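As written in TrEMBL, here are the features:
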DOMAIN    24-244  domain 'Phosphoenolpyruvate carboxykinase GTP-utilising N-terminal'
BINDING   R84, Y223, G224, G225, S274, N389, A390, R391  substrate binding site
BINDING   K232, H252, D299  Mn(2+) binding site
DOMAIN    248-599  domain 'Phosphoenolpyruvate carboxykinase C-terminal P-loop'
BINDING   A275, C276, G277, K278, T279, N280, R391, R420, F515, T516, E517, N518  GTP binding site
ACT_SITE  C276  active site
Amino acid sequence: MTMLDQRHEEKLSAAAGVPDALAEWVAAIAAHTRPDRVVWWTGTPAEVSTLQDELVAEGKLIRLNPELRPESFLARSTPDDVARVESRTFICSESPADAGPTNNWREPAGMRAELSARFAGCMRGRTLYVVPFSMGPVGGPLSRVGVQLTDSGYAVLSMEIMTRTGAAVIAEIAGGADWVRAIHSVGAPLLPGDEDVAWPCNPDKYIVQFPETREIWSFGSGYGGNALLAKKCFALRIASVQGRDEGWLAEHMLLMRLISPEGRAFHIAGAFPSACGKTNLAMLRPDLPGWRVETLGDDIAWLRPGADGRLWAINPEAGFFGVAPGTSAKTNRAAIEMLASHTIFTNVALTAEGDVWWEGLTDTPPAGLTDWRGNAWDADAGTPAAHPNARFTVAAERCPTAAEDIGEAVPVDAILFGGRRADTVPLVTEARGWEHGVYLGATIASETTAAAEGATGVVRRDPFAMLPFCGYHVADHWAHWLSIGRGLDAELAPRMYRVNWFRRDTERGFLWPGFTENARVLAWIAGRIAGEAEANETAIGAVPLASDIAAEGVSAERLSQLLTVDPVEWRYEVEREAEFFGGVGGRLPVELSAQLAEARIRIARAFG
Ligand code: GTP
Ligand code: SPV
Ligand code: MN
């Protein structure tokens, strides 16, 4: 037994003891995957620095210049393991109807057999880490626990930042808490004589959820949502099913507290598809005098109706796994300050001084860059220095705008549905009520981004920004939203809004400056909630008066373009919505067919 193993064992025995079910499960997986050793992770600073040193020694992490970027690292993935793999993501419910038309369904027994073959001996030559984690504060009223087994040290260090790990979680499990079993392997066993690589992975990937047994099996990828199983696999896909069964919601949403000059707090949740602006909005520093934002979460929110008739939310994560490109002191100063130290960067460029760089960080790239693949970067070659889905992993407490009560539940006042739309969708529209709001959420469409494999810039429906993340039938998700709404006090329920920061003019430039200027839209929403701001009714919902959102440098003509509801575009759009609903099948809630019928009538009436 190494010193390290010994220390872990001592810590564990001090920690109330490992329950039999957990110990037996770990032993069974270890017997099947055959790692060289098993390490129980408790997340002490000593464990963290030992693992960091190990990964640096193995070439899996590059330590950044401590004078410029203390306690920070760069990881470079292999070029074909850079994002989520939606085509290899499976929902294995007993009935295909429970996975619904938007998920890849596989029959559970067949998938188990396939996985069993893939996982046999897959951890040979590697260490199996046992990482108990809590989503939400350990023991918190909305929190849930799980255990990730992984043979990736990079995943362990990332999970340490993104979740609450440690012996207290084992105590929760020992105390009878339900826990999610999550098994991850990079799928690259090391046989005697094999040389390891900087980023082991396997071209054959599986991201598999078994919703009924609350299990996750992930094989072949080391990247982001594929490998940090607490995030998309648990906190969205499995948790959405737990929420369906238990009367709450697990959503792909940012969570923030907007504070007005008078000191009134408005809690806002926002569902935007991947790489469509959640992190940036969550860390907004308004240019508007007197307004402030406190960051509560940037990617996932769990929402539950309270006894008071309001909808309460927590961010179950403890860190941010955010998009690096486009992040600068101009667009997101809070993030830049947050990334000053203690950050793992993945697939960004490396400077000659041992610091990081990505497109958008500065106007001109520094000389002597090494690109994300590890090659000298040629500025004229037309390829980016950082991968478009390059990311940072950092603890939430590092964020200068982080709320002090991050992780605690807050009452939600407004819900935003966003997306990337070059045309059609105005800057902001207000829903007429809960059912109309659910319709806006169900019909989100957005241009695809580099957050997942495949082509970018293709408009697709991404209902509630949950297309890749809902663990059950998409129409049942909408029905669940409707049912949650019925349980809320109509006066206290969140107001709902559709927003679009990405409308373009004919020269294809963004019409709206975005980023800090998005505060103007939030201030209008706060004004609506407070019963102070005015609005113009349109066929698709209320929009602000141009004067209420006027931003410096945005001409009156642009403002009117931003707020335009174009008849031709909307006649086309509503038919695309109808097509999408048509493909969802018989489970479409009647309330949503009624909303669609009403939308058609309103558009026809308004435009003749
Ligand atoms: P995930 O982590 O993938 O879920 O992404 P996200 O929704 O948190 O998106 P994020 O805030 O990281 O933004 C993604 C990209 O959009 C970045 O390159 C940003 O610079 C850019 N972006 C964010 N907000 C705005 C905005 O208001 N206007 C414009 N033009 N771009 C924006
Ligand atoms: C997303 O794609 O929505 C992300 C990044 O937040 S990942 O964790 O890789 O899914
Ligand atoms: Mn996301």
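Placed from the backbone N, Cα and C atoms, the Cβ positions cover glycine too.
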CB contacts for N389 (substrate binding site) [other CB atoms within 10 A, all chains]: 25
Binding-site residues close to ligand 2 - of R84, R391, E517, only those whose C-beta is under 6 Å away: R84
Max CA-CA distance, Å, over listed GTP-binding residues A275, C276, G277, K278, T279, N280, R391, R420, F515, T516, E517, N518: 24
Cβ neighbour count within 10 Å of G225 (substrate binding site): 26
Binding-site residues clustered about T279 (GTP binding site) [Cα within 10 Å; pool: H252, D299, A390]: D299
Remaining residues near the recorded Mn(2+) site, that is with C-beta within 8 Å of the centroid of the site residues K232, H252, D299: G225, K231, A235, L236, S274, I300, F469
For F515 (GTP binding site), the one of S274, A390, R391 that lies nearest, given that the binding-site residues are compared by Cα: S274
Cβ atoms near D299 (Mn(2+) binding site) (within 10 Å, other residues, all chains): 27
Distance [Cα-Cα, Å, rounded] between S274 (substrate binding site) and H252 (Mn(2+) binding site): 9
Neighbourhood of H252 (Mn(2+) binding site) by C-beta distance under 8 A, where only residues 6 or more apart in the same chain count: L236, A271, F272, P273, S274, D299, I300, F464, A465, M466, F469
For A390 (substrate binding site), the one of A275, G277, E517 that lies nearest, given that the binding-site residues are compared by Cα: A275
